[in-house]
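Remarks on the structure that follows.
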Amino acid sequence: MVAIDLGASSGRVMLASYYPGQQQLTLREVCRFTNQIKSIDGSDVWDIDAIEQSIREGLSQLDSEGIALDSIGIDSWGVDFVLLDKQGKRIGQPVSYRDSRTQGVMARAQQTLGSNAIYRRTGIQFLPFNTLYQLRALSEQQPHLLADVAHLLLIPDYLHYRLTGQLNWEYTNASTTQLLNIETGDWDSDLLAYAGVPAHWFAKPGKPGNTIGYWHSANGQQVPVVAVATHDTASAVLAAPLIDADAAYLSSGTWSLMGFESGTPLTHQQAQCSNITNEGGAEGRYRVLKNIMGLWLLQRATDELQIDDLPQLIEQAARQPACRSLINPNDSRFINPPNMCREIQNACREHQFPVPNTAAQLARCIFDSLAMLYRQVAQELATLRGRPISHLHIVGGGCQNQFLNQLCADACGLNVSMGPVEASTLGNIGSQLISLGEVADVTHYRRIVANNFPLHHLSPHDNSDFAAHWLQFQSLSQLPKELCI
């Protein structure tokens, strides 16, 4: 089986082999490639052709090796999309969610439709780049494009289409758009109308697990292409070895997503005021979670400072005074500033914290601030569920940053387990194995993952200065009142 896992900064083609007798699961990285935002005609866009080419090269390599493939699946980040014309050809490049075209659009939607009405319909966190606001911006700013559009496909659906020629709309990723009605599981006609787009661009989203079509290889293979849980976080959660019903997960990468699984969505006012999202998951579950800006801040800062030795930077950051400077990582100013280091420094200056000037000080500011935000979100989630979190499972690339994860354990006061690193890839494979009938269900698959990919564990440390630091952070991170209206 092949899992193609696309993140906001890189992509990978991974080969998985499963031996049912021993319930052994192995992964092999076929290729890894960078995925970066490009500026074209004043817009920040994804180079979707380069992504597709890298995927095809990985698949062709496996085909040339004579490896018989059972299935293929693709997962990616959410909310971004590709427009197709009536001939099935792409219209322009897909614009990145970090593009500035949506500035002010969400606030106008909240005023016009009411935050309460939008949230009750969708159960989705208010983020300025949700597809709802991207489409409203498109219809306001480039209405001439709309007449040529026949279909809108989210990123993994588009790439599945390119491999098979078949259109598909997968549910877990569709749920991130803030266009899906949480009661019906279908596109909300009133929100589509507000976005300025017709319903015939879409079909009702399907649950993960169906075969979309087939990829025909140069050597004659006809490989089923499976609609996995195509949102990368949905796949990551599918592979998270949650130990009990009170455990929570933190999918840690470019974004950090903290939450828990629920059989029902939480769309009451307390969830809305906490800006909690209810995204679709496997087996009809909901991923009740919150998006946190995550390691994007560090990625941008290290790029600007031209730092390649990340372990050394983390070691230097660990020697800096704790919580000397704090920011709110979820402040919209950090979505895509011209200069991240300068933006962090300005935020510290404005809130009368010492300005971090060295790379180590900047990194420590980011790590401390993320840990504080993890604590805040963990408390919000526990309050919403009505019982404390028993354990936190950190999955994804951020598993490898043990210093940040120890800060998280300390701030949250929770025992933490770390792993698997390739959680999105493994969740992608899990959807394929369940679809193929090789694995019974998600619970069974999580046992397989836990047995094949050992976890690492951390316990919280006491910190006598923590209470004062926590009060300082709380003053930075109050949610806007308009979310509750």
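Cβ atoms are placed via backbone N, Cα and C, with glycine included.
Marked as ATP binding site by Swiss-Prot on the basis of sequence analysis: A8, S9, S10, G11, R12, T254, Q299, G397. Taken from Swiss-Prot, the feature substrate binding site applies to G78, H231, D232, T233, N291, supported by sequence analysis. What Swiss-Prot records for D232 is active site, proton acceptor. Among the features that Swiss-Prot reports, disulfide bond is placed at C348-C365, C408-C412.
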Near C348 (disulfide bond) (Cα-Cα within 10 Å), the binding-site residues in question, chosen from S9, G78, Q299, are none
Excluding G78, H231, D232, T233, N291, which residues of the same chain place their Cβ within 8 Å of the centroid of the Cβ atoms of the recorded substrate site? W77, N173, T176, A234, S251, W255, L257, E279
Does N291 (substrate binding site) have same-chain partners at least 6 apart in sequence with Cβ under 8 Å from its own Cβ, and which are they? Q125, L127, W255, S256, L257, T277, N330
Hey, of the binding-site residues listed (R12, H231), which one tops the CB count within 10 A? H231
Cα-Cα distance linking C365 (disulfide bond) and Q299 (ATP binding site), given in Å to the nearest integer: 14
D232 (substrate binding site) to C365 (disulfide bond), Cα to Cα, whole Å, comes out at 27
Within 10 A of the CB of D232 (substrate binding site), the number of other CB atoms across every chain shown is 31
Work out the three-state DSSP category of G11 (ATP binding site). strand
Students should find that the Cβ of C412 (disulfide bond) has, within 10 Å, a number of other Cβ atoms equal to 24
Including all protein chains shown, what's the count of other C-beta atoms within 10 A of the C-beta of T233 (substrate binding site)? 30
Same-chain residues at least 6 apart in sequence with Cβ under 8 Å of the Cβ of S9 (ATP binding site), in sequence order, are T34, N35, Q36, T254, Q299
Cβ-Cβ neighbours of A8 (ATP binding site) (radius 10 Å): 22
Measure between the Cα atoms of every pair in A8, S9, S10, G11, R12, T254, Q299, G397, the residues the record assigns to ATP, and report the largest value in Å, rounded to a whole number. 18
A8 (ATP binding site) and H231 (substrate binding site), distance between Cα atoms, whole Å: 12
So what sits near S10 (ATP binding site) in its own chain, CB-to-CB under 8 Å and at least six residues off in sequence? R32, F33, T34, N35
Report, in whole Å, the straight Cα-to-Cα distance of C365 (disulfide bond) from A8 (ATP binding site). 23
